[in-house]
Amino acid sequence: MVETPHSNSTFLYPTFFLLTGIPGLGGAQTWLTMVFGPMYLLALLGNGALLAVIQIDSTLHQPMFLLLATLAATDLGLATSIAPGLLAVLWFGPQPVPYTACLVQMFFVHALTAVESGVLLAMACDRAVAVGRPLHYSILVTKARVGYAALALVLKAVAIVVPFPLLVAQFEHFHAKTIHHAYCAHMAVVELVVGNTRVNNLYGLALSLAVSGVDILGISGSYGLIAHTVLRLPTREARAKAFGTCSSHICVILAFYVPGLFSYLTHRFGHHTVPKPVHILFSNIYLLLPPALNPLIYGARTKQIRDRLLETFAFKKRQF
């Protein structure tokens, strides 16, 4: 790290940043490993089990389960992009992270969040076709189209998130090297920049509105079509069965968007009223809770996966 001649407290391209975790909690941060540690373990084991079951069982090589596998792979990546560093900060205290590694983490956290939101939209569209056009489902939704959709989501996420680290990298001077956060979030790093960050702020706001806003509108529209179709069914049993096929996805949507919207709104509009430790805590919950809950939700509520898991455990039990 080299100090500039302009200010003793201004740094020219720091070789590393220092992540402090959740400011204001002090030694109490250690106890949060009891929360985030099991979350990460659940994310690893649950999503790993989902991917293994879908890979092994050829009967699950269907569009709906391939979308679920895409969600599980995204969850694994998202949880792994922040959890090891987060747990290290909480357990051992402030941790240095190389400048380049910080920008890489920034990219993966925001890109995988965008992919996850897009996958939830794709799953909502899949359910809308399954409920609204069941006779044409196998024609309209194919494995090839699911593959193209997944590739498009990844390419879109890369294209829209790459500017984040590039916009930060253009700045040479920083007020400090300490990031009062548990991971390298874009705005947490931008707060340290010396210079005009208007473009960074506007791009961050536009990206949040464009990605989450469009995806939420698409999901709402899909479920509007589903509700319209289901309410026209003649019997209560038929309506309950149709809604039942969407219940797992609805739970996953709520687990992802409710903490996310709370984190976003408190950061943008409530930073004077909501304490910063609360905001940072929720931003970490937002990234780790869905990867931990999603496999539990689908494992418990999706019959094919539940039966396959029970068969696997029963087979292993007979072996012993």
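Backbone N, Cα and C atoms are what each Cβ position is placed from, and that goes for glycine too.
Annotated domain 'G-protein coupled receptors family 1 profile' per TrEMBL: 46-298, in sequence order. Per TrEMBL, the feature transmembrane segment maps to 12-32, 38-54, 66-92, 104-125, 146-168, 202-226, 238-258, 278-298.
Between the transmembrane segment (104-125) and the transmembrane segment (12-32), the number of CB pairs under 8 angstroms, six or more residues apart, is fewer than three, so the stretches are not in contact. Counting Cβ pairs under 8 Å that are 6 or more residues apart, the transmembrane segment (66-92) and the transmembrane segment (202-226) reach fewer than 3 and are not in contact.
Of the recorded ranges 38-54, 202-226, 278-298, the transmembrane segment (238-258) has the largest number of C-beta contacts under 8 angstroms with 278-298. The transmembrane segment (202-226) shares the most Cβ pairs under 8 Å with 146-168, out of the stretches 12-32, 38-54, 146-168, 278-298. Listed as Cβ neighbours of the transmembrane segment (278-298) (distance under 8 Å, sequence separation of 6 or more from its ends, same chain) are residues 22-23, 32, 36, 38-40, 42-43, 46-47, 49-50, 68, 71-72, 75-76, 78-79, 82-83, 86, 109, 113, 116, 180-183, 185, 248, 251-252, 255-256, 259-260, 262-263, 266-267, 270-271, 305.
Over the domain 'G-protein coupled receptors family 1 profile' (46-298), the average per-residue pLDDT in this prediction is 87.
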